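Annotated in TrEMBL:
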- 6-28: transmembrane segment (TRANSMEM)
- 40-59: transmembrane segment (TRANSMEM)
- 65-93: transmembrane segment (TRANSMEM)
- 122-141: transmembrane segment (TRANSMEM)
- 177-200: transmembrane segment (TRANSMEM)
- 212-236: transmembrane segment (TRANSMEM)
Amino acid sequence: MEEYLFWVVALALAMMRPLGILLILPLFTARSLGSSLLRNGLVVAIALPMTPMFFSSPLIHSSSIMLWCSIIMIELLIGIIIGFFAALPFWAIDMAGFLIDTLRGATMATLLNPTMGMQSSIFGILFTQILSVLFLISGGFNQLLLVLYGSYKILPTGQGITLSDAFFTFIRVQWKLMFELCLTFALPALLVMLLTDLALGLINRSAQQLNVFFLAMPIKSAMALFLLLIGLPLAFHHYLSQVNHIEKEMSVLIQSLDPFRNRSSLCEAKAPGAQQPSLP
């Protein structure tokens, strides 16, 4: 009976990192899946392959409450960090849809986005639904699982983490990339609607009887929809290539959290024989 209890404890520890990821990743939140039961079942399925590793660890035999609390918090934090960066493409595509709807004057038609779990624009809902399907069928979820399982090799349970300069550099680079993804995806439609506004402004100068305000919204909506129908496959192809780049860079994120790696690099930088950078 005691052995079964240790297996349950090992499974509970193995669930912490997957749970942290699925708490943040919009595609697998409880609201997106429909219930917390489905989300928790997926967490158990992801954690099962790692359960024997936790069962053979001496940590499950510890009786220290403080040690257990610290391990659970660190495991959840690692999962939340991975899930945060994995969710950046979804937030960027939702921002792009909201930006297009703002410029065409359709921000009042906001609906509940089941993927994001919040109010979103019409194009934002469309783009996030398409990206969710492409994320699953193009191997994005498999790539995320590789990152998760590889994190146990770089950051074993009970080792701890450190927020180094490399970690904050990674945050800055990926945060910049999120806005770049948003703008590059929405830029063609934004340029077309801007040219439409300029054309309607010139028409209003010559024919002031026309109510350009009421004409602008359907014309800009039609132009944006026509351009998206033509360029959507190319836009998503470029977007997915950038998303795959983010998933590949996740290993850099995990390495930046490794305290021993950061400590060794710091010692090498402070070594007497280390070469100092020359000033220009």
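Cβ atoms here come from the backbone N, Cα and C positions, even for glycine.
Fair warning: this is a prediction, and the values are worked out from it, not measured in the lab.
Beyond its flanks by at least six residues, the transmembrane segment (212-236) meets 100, 103-106, 123, 130-131, 134, 185, 188-189, 192-193, 196-197, 200-201, 203-204 of its own chain at Cβ-Cβ distances under 8 Å. Within the chain carrying the transmembrane segment (6-28), a Cβ under 8 angstroms from the stretch's Cβ atoms is held by residues 39-40, 42-44, 46-48, 50-55, 57, 59-61, 71-72, 75-84, 86-87, 90-91, 115-117, 128, 132, 135-136, 144, 148, 151-152, 157, all 6 or more beyond its ends. Same-chain residues lying 6+ beyond the ends of the transmembrane segment (40-59) with a Cβ under 8 Å from its Cβ atoms: 6-7, 9-11, 13-15, 17-19, 22, 28, 33, 67, 71, 145, 148-149, 152, 157-158. Outside the transmembrane segment (65-93) by six or more residues, the chain places 13, 16-27, 59, 115-116, 124, 127-128, 131-132, 135, 144, 147-148, 151, 155, 157-158, 160-161, 174-175, 177-179, 181-182, 185, 239, 242-243, 246-247, 250, 253-254, 257 with a CB less than 8 A from a CB of the stretch.
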